[in-house]
């Protein structure tokens, strides 16, 4: 078995580092750089290149100034932060995982062990919390389209703040453990940080809930409320509104095409999050409650599932690129429709003005004839 990470936050490395097939040392076996680990490293490098390029492009696209906007829209701000979270996963989690599988043991020292485990979990938290913020923003945009969007920055600050605070225990749980023998071995583990097995299981379950279960429930609630609101009969009724309200609503009805694309993008991000990480977290749950499964499940399966989870970071910029292309087409169609509508209005106004001129001429000629008749009669 390779040395790598038992879970996305690496808290099960202690057991994995000393178990499995490898080099026998004093009656036990140490991990080796197996063929499965080599494939994992190769795929991780491909994911790193694609994720770094895609998310850097998204970050540049959403942060560059727009001529038509004084400041970035809330949607662009949200996806800028999501790209930053994906880049944190790209530049911390992926290189750490690849390097650790190559070196097998930990060679960077105790301080780097604690710091990198902290940054790794913070990256995972931010990548899980920011889709929740996007879901809350989409919910507010649909349920209260005329409301203020000033709360987006507070939600973003809360997401990053929670990511930092919840990852802090990693600084105290992880440390380096040295093993003497014919083949000296050092590993970055949580071994000895928990007095009992149930304490480590509780910490893992808490991290699992914060990383996966709670964000999933929050996003499911947000999008369920959106679907119920959009499909409700009151939302479909627009003809019974007063004229002024109808005109205001019509001005917003041109925007929902873009809002709908943003909603679809957010839903796709939720689906990719579920599809990419659910299998691996289920495997982690199985391991926490049945540690003996580590010797029953082939190492290649854990490698595949973890790589499938890392696929989430490269997919986000592809989804955003499709969203941006759709928005540009939508804006072009909207501008064409607006120009056609404006031309039609101008034509109607000209016809109405000509008709008024004809009516005025007719009235003037009639009044002139009546005046002439009266003057002749009087003579």
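Backbone N, Cα and C atoms are what each Cβ position is placed from, and that goes for glycine too.
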21-40, 41-60, 141-160 - the one Swiss-Prot records as transmembrane segment: 41-60
279-297, 336-354, 355-373 - the one Swiss-Prot records as transmembrane segment: 279-297
Feature transmembrane segment in Swiss-Prot, mapped to one of the ranges 185-204, 205-224: 205-224
Tertiary contacts of the transmembrane segment (304-323) (same chain, 6+ residues out, Cβ under 8 Å): 4-5, 8, 40, 43-44, 47, 50-51, 54-55, 57-58, 79, 82-83, 86, 89-90, 93-94, 97, 127, 261-262, 264-265, 268-269, 272-273, 276-277, 279-280, 283
Distance from residue 113 (disulfide bond) back to residue 101 (N-linked glycosylation site), taken between C-alpha atoms, in Å: 15
Nonlocal neighbours by CB distance (under 8 Å) for residue 113 (disulfide bond), same chain, sequence gap 6 or more: 106, 174, 175, 176, 188
Recorded positions (101, 188), the one with most neighbouring Cβ atoms at 10 Å: 188
Candidates 41-60, 115-136, 161-178; stretch with most C-beta pairs under 8 Å toward the transmembrane segment (205-224): 115-136
Interface-richest range of 41-60, 77-96, 115-136 toward the transmembrane segment (161-178), CB pairs under 8 Å: 115-136
Tertiary contacts of the topological domain 'Cytoplasmic' (137-160), as residues 6+ beyond its ends and Cβ separation under 8 Å: 74-75, 77-78, 81, 126, 129-130, 222-223, 225-226, 229-230, 252, 259, 262-263, 266
